[in-house]
Amino acid sequence: MKSLTLQAPAKVNYRLDVIRRRPDGYHDLRMVMQRVNLCDMITITLTETPGITVTCGKNGVPDGPGNIAWKAAKALLDLADQGVGAVIDIAKNIPVAAGLGGGSSDAATVLMGMNELLGLQLSEQRLMEIGLTLGADVPFFVFQKPALAEGVGEQLAPMPAMPPVWVLLVNPGVHVSTAWVYRSLQLTNRDGLAKLPELFRSIEDICSIFSNDLESVTIPAFPVIAEIKEIMLREGAAGAMMSGSGPTVFGLFRDRESAERARAVLTADTGWFAAVAETI
Ligand SMILES: C[C@@](CO)(OP(=O)(O)O)[C@H](O)COP(=O)(O)OP(=O)(O)OC[C@H]1O[C@@H](n2ccc(N)nc2=O)[C@H](O)[C@@H]1O
Ligand SMILES: Nc1ncnc2c1ncn2[C@@H]1O[C@H](COP(=O)(O)OP(=O)(O)O)[C@@H](O)[C@H]1O
């Protein structure tokens with residue numbers, strides 16, 4: 001039967017302002033998000049018989065119904081009602097629970113892939129709505145552009161064009177719970193949110209918006225995050241920051257060579273995950 005292999009890219013947050021705690025316990029945010037080409041590879045094959053199989057084979061990622069990609073496939077197969085099923089294989093390259101949106105990207109990629117394979121012709125808007133029922137970052141990966149994301153991440157607007165840059169991603173492998181980070185955050189007065197620039201001409205312009213409120217929780221608990229930022233800046237990054245709820249730190253570099261040099265320094269004796277990628 002029909003089959004598709006697609007890339008599911010990671011994301012970084014150039015900015016993450018936490019605006020308020022909502023009555024449902026979630027937090028309204030203002031984020032600037034960009035995709036980078038560190039990708040999971042997703043192969044989706046339609047089957048003539050109903051049922052969904054998801055295999056990933058990565059520690060910490062469930063196979064089957066616990067996988068967010070399984071839930072994405074279920075949503076579109078139910079909607080299509082064609083009596084068919086799907087086999088999904090995920091080759092996981094994005095570190096798990098790392099602040100890089102890997103699961104959300106896998107889910108968005110399955111939504112877009114199944115939309116095509118099943119001939120559903122669902123609009124981007126509709127796929128984003130379905131995506132939001134799976135996770136707050138899923139709509140961003142359906143949007144497929146650098147974005148300003150508000151609400152919990154579902155209100156998306158395109159960002160002005162940004163120059164392409166090289167990104168070094170370093171994950172020290174400490175376990176950070178997203179729920180714990182939001183719960184522990186001390187909210188400050190948010191009357192005067194910093195204005196975002198309307199034009200991004202250089203890597204410095206991108207770094208000028210760097211800020212992540214969640215670092216105020218993670219850095220005191222995991223000083224290794226600050227240590228990685230410092231080393232990146234010393235090794236020539238134009239800016240360095242934690243992505244999402246961490247613990248991955250990313251740095252922006254003008255060229256591949258300088259990003260690779262910094263990677264070599266950061267991985268020399270540490271055993272940390274590190275990857276050099278380009279923005280998409
Ligand atoms: C921090 C961000 C930024 O892009 O990304 P990641 O670090 O996951 O990549 C997101 O806000 C991650 O949102 P989401 O994908 O919903 O996180 P989940 O792991 O499902 O949420 C775990 C818990 O965090 C809290 N939570 C999450 C999002 C939010 N806007 N407010 C919250 O208070 C809730 O208690 C929720 O139950
Ligand atoms: N396809 C998937 N890829 C990664 N994690 C998944 C997936 N499906 C379910 N999960 C679960 O979702 C949690 C969050 O994973 P992930 O999306 O990688 O992190 P983050 O939200 O920090 O970007 C993990 O603990 C994992 O068990």
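Just so it is clear, glycine is given a Cβ too, placed from its N, Cα and C backbone atoms.
Given the structure is predicted, the values throughout are model-derived calculations rather than measurements.
As written in TrEMBL, here are the features:
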ACT_SITE  Lys11  active site
DOMAIN    67-144  domain 'GHMP kinase N-terminal'
BINDING   Pro95, Val96, Ala97, Ala98, Gly99, Leu100, Gly101, Gly102, Gly103, Ser104, Ser105  ATP binding site
ACT_SITE  Asp137  active site
DOMAIN    203-267  domain 'GHMP kinase C-terminal'
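Feature map: annotations from TrEMBL on the structure.
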residue	record	contacts (Cβ under 8 Å, 6+ apart)
Lys11	active site	Met33, Gln34, Arg35, Val36, Leu100, Gly101, Ser104, Ser105, Asp137, Phe140, Phe141, Ser243, Gly244
Pro95	ATP binding site	Gly102, Asn171, Gly173, Thr248, Phe273
Ala97	ATP binding site	Gly60, His175, Val176, Thr178
Gly99	ATP binding site	Asn13, Val176, Met242, Ser243, Gly244, Ser245, Gly246, Pro247, Thr248
Gly103	ATP binding site	Val61, Asn67, Ile68, Ala69, Val96, Gly135
Exercise for review: For the recorded ATP site, whose residues are Pro95, Val96, Ala97, Ala98, Gly99, Leu100, Gly101, Gly102, Gly103, Ser104, Ser105, find every other residue on that chain with a C-beta no more than 8 angstroms from the centre of their C-beta atoms, and list them by sequence position.
Suggested key: Ala10, Ile94, Gly244
**Study point:** Among Lys11, Pro95, Ala97, Gly103, Ser105, the recorded positions whose C-beta sits under 6 Å from ligand 1
**Key:** none
Revision key, fill the gap. What DSSP reports for the domain 'GHMP kinase C-terminal' (203-267) is 35 helix, 11 strand, 19 coil
Exercise for review: Scan Lys11, Pro95, Ser105, Asp137 for recorded positions whose C-beta lands under 6 Å from an atom of ligand 2 and note them, or write none.
Suggested key: none
